[in-house]
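Taking it in order: structure first as structure tokens, then the write-up.
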Amino acid sequence: MQSIHALLLTAAVCILFQGCGGSEPEHRLYAALFKNYNQFVRPVKNASDPVIIQFEVSMSQLVKVDEVNQIMETNLWLKHIWNDYKLRWNPVDYGGAEFIRVPSGQIWKPDIVLYNNAVGDFQVDDKTKALLKYTGDVTWIPPAIFKSSCKIDVTYFPFDYQNCTMKFGSWSYDKAKIDLVLIGSTMNLKDYWESGEWAIIKAPGYKHDIKYNCCEEIYTDITYSLYIRRLPLFYTINMIIPCLLISFLTVLVFYLPSDCGEKVTLCISVLLSLTVFLLVITETIPSTSLVIPLIGEYLLFTMIFVTLSIVITVFVLNVHYRTPKTHTMPVWVRTIFLNLLPRIMFMTRPTSDEENNQKPKPFYTSEFSNLNCFNSSEIKCCKDGFVCQDMACSCCQYQRMKFSDFSGNLTRSSSSESVDPLFSFSVLSPEMRDAIESVKYIAENMKMQNEAKEIQDDWKYVAMVIDRIFLWVFILVCILGTAGLFLQPLMTGDDM
């Protein structure tokens with residue numbers, strides 16, 4: 001047992017010394033480089049020479065865009081390359097080692113910060129290591145999560161484009177001490193992780209030399225302009241399409257007949273559904289008072305649309321149920337709504353001639369137009385004084401017999417001249433005259449009822465014409481309003 005322990009201990013010691021022997025050149029190199037190294041002094045031989053910093057930003061992820069607080073959160077990799085003459089060596093003296101990785105906190109680094117940082121540290125963390133090359137070139141690529149200030153314009157939300165800038169530069173050194181050189185002309189997007197809400201259109205970079213009011217020196221900065229476009233699919237499905245459907249239901253209110261009694265009910269139901277929908281999506285819309293978002297304008301447009309439909313529906317129902325006892329139809333209403341507008345909108349109304357042609361001809365002539373079935377128990381068998389086709393109807397048989405006998409009496413008592421109506425009426429019996437007078441009274445009442453019904457039908461037709469007018473008006477307003485609102489961002493996007 002003791003021999004086994006001795007064997008294991010010997011193997012561990014051998015492995016340890018072997019590892020130390022393999023890293024011994026790197027250990028000597030590290031000790032030689034930082035023996036007299038001062039990390040607070042710029043790595044230049046001449047104090048008047050600037051340190052050339054090659055700088056590039058790589059976008060890893062666009063985390064979030066906060067429209068309310070005007071903040072863009074990004075995950076970036078900042079690439080710094082410069083030359084430090086104090087960190088040079090001959091690879092031959094150190095086992096051929098050409099590269100060495102050292103903690104970035106032990107070497108001099110440029111203090112590159114994000115000028116328009118909104119939250120958190122302005123400078124990146126130095127916990128990552130830097131790569132040193134035997135020629136003195138230092139490559140340092142620290143990752144960082146920045147929350148930069150960005151002026152968000154939500155006018156065309158959810159079809160909006162944003163331009164967010166990120167300004168990097170040295171906070172302490174002017175151009176005479178540190179000169180920045182941009183690597184490439186755009187932000188590096190090779191390792192970019194696609195966002196589910198935003199798409200990056202382009203991200204050009206620019207170098208600026210600016211003289212600030214506080215100082216006489218010129219400071220160099222590198223600014224990236226990030227042009228991003230919101231992906232509107234989520235908002236289209238969950239916000240815009242429901243609003244379009246609600247607007248379509250509002251249009252159908254004017255196609256619903258007034259007699260069904262459900263026009264106002266449908267209007268109120270549509271308004272309630274829109275109100276509930278607005279409460280649900282309130283948190284989705286950017287809550288800002290600077291501008292009204294496009295989707296907010298459309299929701300407001302739909303709300304006014306539905307409210308106006310309720311007002312018009314109440315007016316149409318008021319017109320629909322008017323009677324001669326309560327309202328007199330003006331001449332201009334009859335001219336415009338019964339004659340002019342129906343022809344313009346291709347509305348056809350059955351005329352009185354067509355209705356009369358569909359009725360059967362009466363059995364009585366002009367001289368006996370007031371004859372009718374005067375038996376109250378049998379008057380239910382016939383309609384409007386016309387002979388029915390049922391030969392067993394006693395009422396119609398009686399009318400035929402009376403008409404035949406009366407015609408015979410008139411023929412026998414008449415001469416070659418035409419029959420005098422007064423004589424014709426005088427030969428009737430008193431009972432017959434009373435019956436005829438009663439029938440006259442009934443006929444006059446029926447005529448008055450028919451005239452009143454015609455006026456009521458005219459009011460109903462006026463209400464139908466008004467409904468048809470607003471049906472087309474609301475269809476046009478819905479189409480033009482929707483197209484006008486949502487074509488604006490498309491035309492703006494083409495200019496970018």
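In case you wondered, yes, glycine gets a Cβ from its N, Cα and C as well.
Note that the structure is predicted; figures quoted are calculated from it, not measured.
Going by Swiss-Prot, the topological domain containing Phe55 carries the same name as the one containing Ile295, and both residues are therefore on the same side of the membrane.
Your range for transmembrane segment, going by Swiss-Prot and the list 141-157, 260-276, 277-293, is 260-276. A Cα-Cα distance of 41 Å separates Asn46 (N-linked glycosylation site) from Asn163 (N-linked glycosylation site). Cα distances from Cys150 (disulfide bond) to the recorded positions Asn163, Cys214, Cys215, Glu262 are smallest for Asn163.
Residue pair Cys214 (disulfide bond) / Asn163 (N-linked glycosylation site) shows a Cα separation of 28 Å. Across the fold, the C-alpha of Cys164 (disulfide bond) and the C-alpha of Glu262 (Na(+) binding site) stand 52 Å from each other.
Long-range contacts of the transmembrane segment (299-317) within the same chain, counting only residues at least 6 positions beyond its ends with a Cβ under 8 Å from a Cβ of the stretch, are 243, 246-247, 250, 253-254, 258, 263-264, 267-268, 270-271, 274, 278, 292, 463, 466-467, 470, 474, 477-478, 481, 485. A distance of 29 Å separates the Cα atom of Asn163 (N-linked glycosylation site) from that of Cys215 (disulfide bond).
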